[in-house]
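Enquirer: Take a look at the following structure, please.
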Amino acid sequence: AFAGILADADITAALAACKAEGTFKHGEFFTKIGLKGKSPADIKKVFGIIDQDKSDFVEEDELKLFLQNFSAGARALTDAETATFLKAGDSDGDGKIGVDEFAAMVKG
């Protein structure tokens, strides 16, 4: 799904680094997969993949399964990790992350 945007080796390494519950840190993950240095268009493409229901927002249930976008066998995020991830990205407080919020979070 991320061919031409992200390298498989970077994705594998990033997933390995947060394999244990409680170890997911979105900033580190975005850096490890190489997303931080990507163009706004590429970041928008990645957002479109994560936005599974195509609502133009990433909601809490989609964040919980965030890692599975990168590998079907990846774990779900814990409730605490999901809440932290949502809080970090949801700058307008509407309970979901829009594409601009996602881009701002990726750029850190």
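Cβ atoms are placed via backbone N, Cα and C, with glycine included.
Annotated N-acetylalanine per Swiss-Prot: Ala1, in sequence order. The domain 'EF-hand 1' annotation in Swiss-Prot covers 38-73, and the record cites sequence analysis as its basis. Here Swiss-Prot flags Asp51, Asp53, Ser55, Phe57, Glu59, Glu62 as Ca(2+) 1 binding site, drawing on similarity to another entry. Among the features that Swiss-Prot reports, domain 'EF-hand 2' is placed at 77-108. Positions annotated as Ca(2+) 2 binding site by Swiss-Prot: Asp90, Asp92, Asp94, Lys96, Glu101.
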Enquirer: Far apart in sequence but close in space: which same-chain residues, 6 or more away, have a Cβ under 8 Å from Glu101 (Ca(2+) 2 binding site)?
Expert: Gly89, Asp90, Ser91, Asp92
Enquirer: Compared by Cα position, which of the recorded positions Ala1, Asp94, Lys96 is the closest one to Glu59 (Ca(2+) 1 binding site)?
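Expert: Considering only the listed recorded positions, the nearest one is Lys96.
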Enquirer: Specify the nearest of the recorded positions Ala1, Asp94, Lys96 to Phe57 (Ca(2+) 1 binding site), where nearness means the distance between Cα atoms.
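Expert: Looking at Cα distances from Phe57 (Ca(2+) 1 binding site), the smallest one goes to Lys96.
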Enquirer: Rank the binding-site residues Glu59, Asp94 by the number of other Cβ atoms within 10 Å of each Cβ and report the first-ranked residue.
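Expert: Its Cβ has the most other Cβ atoms within 10 Å: Glu59.
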Enquirer: For the domain 'EF-hand 1' (38-73), report the average pLDDT of the model, please.
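Expert: That region's mean pLDDT is 97.
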Enquirer: DSSP-wise, what's the residue breakdown of the domain 'EF-hand 1' (38-73) into helix, strand and coil?
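Expert: Helix (H, G, I), strand (E, B), coil: 20 helix, 2 strand, 14 coil.
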Enquirer: Check the Cα-Cα distances from Asp53 (Ca(2+) 1 binding site) to the recorded positions Ala1, Asp94, Lys96 and tell me which is shortest.
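Expert: In terms of Cα distance, Asp53 (Ca(2+) 1 binding site) lies closest to Lys96.
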Enquirer: For the domain 'EF-hand 1' (38-73), what are the same-chain contacts with Cβ under 8 Å, counting residues 6+ beyond its ends?
Expert: 1-2, 5-6, 11-12, 14-15, 18, 24, 79, 82, 85-86, 89, 95-99, 102-103, 106
Enquirer: Going by C-alpha distance, which of the recorded positions Ala1, Asp94, Lys96 is nearest to Glu62 (Ca(2+) 1 binding site)?
Expert: Lys96
Enquirer: An 8 Å radius from the center of the Asp90, Asp92, Asp94, Lys96, Glu101 Cβ atoms defines the neighbourhood of the Ca(2+) 2 site; name the other residues of that chain inside it, in order.
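Expert: The surrounding set, listed in chain order, is Phe57, Gly89, Ser91, Gly93, Gly95, Ile97, Gly98.
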Enquirer: Which whole-number value in Å describes the distance between the Cα atoms of Ser55 (Ca(2+) 1 binding site) and Asp94 (Ca(2+) 2 binding site)?
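Expert: Cα-Cα distance, Ser55 (Ca(2+) 1 binding site) to Asp94 (Ca(2+) 2 binding site): 14 Å.
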Enquirer: Please list, in sequence order, the residues in the chain of Ala1 (N-acetylalanine) that are at least six apart in sequence and whose C-beta is under 8 Å away from its C-beta.
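Expert: Counting only residues 6 or more apart in sequence, the Cβ neighbours of Ala1 (N-acetylalanine) under 8 Å are Ile49, Asn69.
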